[in-house]
């Protein structure tokens, strides 16, 4: 039996072995790198002094080395590992003061330092970025994860893909069947299983279970099958998932900040295990897609968005944080649902609501710094505009419903000009819907026209008309309009219906953001086709049931002449022997790459020119081959490359505007963006 290690070394372990499991004759390495920072710093000399303490003489009684006191071979191994632990636990300046055991270890540390600046300057401790793909990593948890614990850790679990050497090194022998399979075979098996489900919600639940079980396999599956699985993890299936979130809830996937936490929001944020957060998606659940107030069950939206930030944009999963602000709900059905998981009270408004939001925003900045991107998602109109206006000057904030939707739709319009001809300023735009999405798109269109023509923004807005629930927005209604609608009130006689507005204004572009299903009737679409050779029709409302018209209706009612795009996906449509592939104006084209660009540049604010740069970059990716098929957007199969290009253009604009803090600027922003992107391939474990 080996003697016990000295207390000075034993203290470096964090967790005792699981009951009933034989304790390995090795020391646990120090805590997770984040937790290691909590330990008091020690001078380098004390690291050596620890191994030479009087208690260390106990280790020499194994004999065998006489005066040198080296001890038995097993003790030597333990001491060697303990010294290596001390080296790895030391701060970078202290590492230089500790002798490394071999030149190979020195080279390895140097290589790790060389790539540590990837991912926006945040250390890649989990080995998630492309720049660290070839380096071996240590599966850190609170200590080195091994055995049964390792198989339950979604960050490091590889299932049957653990090699024979890894199974021996990490005490997995016997805990897994003897077969060893590749990650590609795991992907093939799971896709086979998913395709057996006939109900989309069952696929969603299976995907969420996989994410909780094996994170890298989840993202590998999503990246390799993005066109098939995007509708599963996000719209339209995520809408149904939010409606039934209480029933399908298994494990928390983010943070819940409620009115009960008022005064303690900072403590709530500290409960999240990660500290290097780069992107937060937050919702209060009041306007989930086109489904209305879903309260606390809106958490499915931040979780889904951040899955796409990682899969499509390459932002590390460990750097993403989904948050729901629970201030109650006005949805009576949920309040009476025994499975509802949120506060059972009417929604808080006014001062009570804004005090909680202010405490939350201050706490985020205090704990994560000012370079964390906060994306507001699915807030109701009356709060969305106020929050964006209030915090855009003090925080790095982005509203995907207002700005992300606008950016992707503008990209679609710029792309459609290659089909219908003319410039952006030569077309007339009519919107059905004057909420967050409608006014956000309208403003970005006006900004781009102003940029192209050098005309005042007020003049450019006159090319854009909006219809809300009371009819065309005109000057005579200005006194009764909400503030965010007043810029779009033009001189015109009152018009109450969409069809009358079309016949009066004769727009070349019709855009639906109303959330009212089938609002683009046959008469409306035929009216657009009567005076436009190639009418541009965007039916953007989500989910599919709320789309203003279907792709089939748009093509059939215009004799196949429509340039069509939708918010939710539609299958290809055959008309007169030609296959039309409808484009999807999905925000997922923009926000993942936009977020990556903000992260890698260290931007401290979001500027409208960064959104325009993202739109122009996306529009440039559509090819003649796409146009020939009827689509004005590039296929999602190229989305990782597109996201890298968007990230590079957004970062370049941030540097140009003086908003970037990551200095010096990388010479090749596109290559730098690609090197910072998360890759889900399994790592080799030491």
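Using N, Cα and C of the backbone, Cβ positions are placed for all residues, glycine too.
Sequence annotations record features per position, and here TrEMBL assigns active site, proton donor to 234. If you look up TrEMBL, you'll see 305 marked as active site, proton acceptor. Look at TrEMBL and you will find 287, 542, 586 tagged as (S)-malate binding site. Summarising the annotation, TrEMBL assigns divalent metal cation binding site to 377, 378, 401. For 9-25, the entry in TrEMBL reads compositional bias 'Basic residues'. Per TrEMBL, domain 'Malic enzyme N-terminal' is recorded for 211-392. Annotated domain 'Malic enzyme NAD-binding' per TrEMBL: 402-655, in sequence order. The region 'Disordered' annotation in TrEMBL covers 1-36.
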Original post:
Here are some recorded positions: 287, 305. Which one has the most Cβ atoms within 10 Å of its Cβ?
Top reply: 305
**OP:** Using the structure shown, find which entry in 542, 586 (the binding-site residues) has the sparsest Cβ neighbourhood within 10 Å.
**Re:** 542
**OP:** Round to the nearest Å and give the CA-to-CA distance linking residue 378 (divalent metal cation binding site) with residue 287 ((S)-malate binding site).
**Re:** 5
Original post:
Inside 8 A of the center formed by the CB atoms of 377, 378, 401, which other residues of the chain have their CB, for the recorded divalent metal cation site?
Top reply: 283, 287, 288, 301, 376, 379, 384, 399, 400, 436
Subject >> Which of 377, 401, the listed binding-site residues, has fewest other Cβ atoms within 10 Å >> reply: 401
**OP:** Around the Cβ of residue 234 (active site, proton donor), how many other Cβ atoms lie within 10 Å? Please give the count over every shown protein chain.
**Re:** 24
**OP:** Would you kindly give the Cα-Cα distance separating residue 305 (active site, proton acceptor) and residue 287 ((S)-malate binding site), rounded to the nearest Å?
**Re:** 15
Subject >> 305, 377, 401, 542 filtered to the recorded positions whose C-alpha is within 10 Å of residue 234 (active site, proton donor) >> reply: 305
**OP:** Report, in whole Å, the straight Cα-to-Cα distance of residue 377 (divalent metal cation binding site) from residue 542 ((S)-malate binding site).
**Re:** 14
**OP:** Take the C-alpha atoms of residue 377 (divalent metal cation binding site) and residue 586 ((S)-malate binding site) and report the distance between them in angstrom, rounded.
**Re:** 15
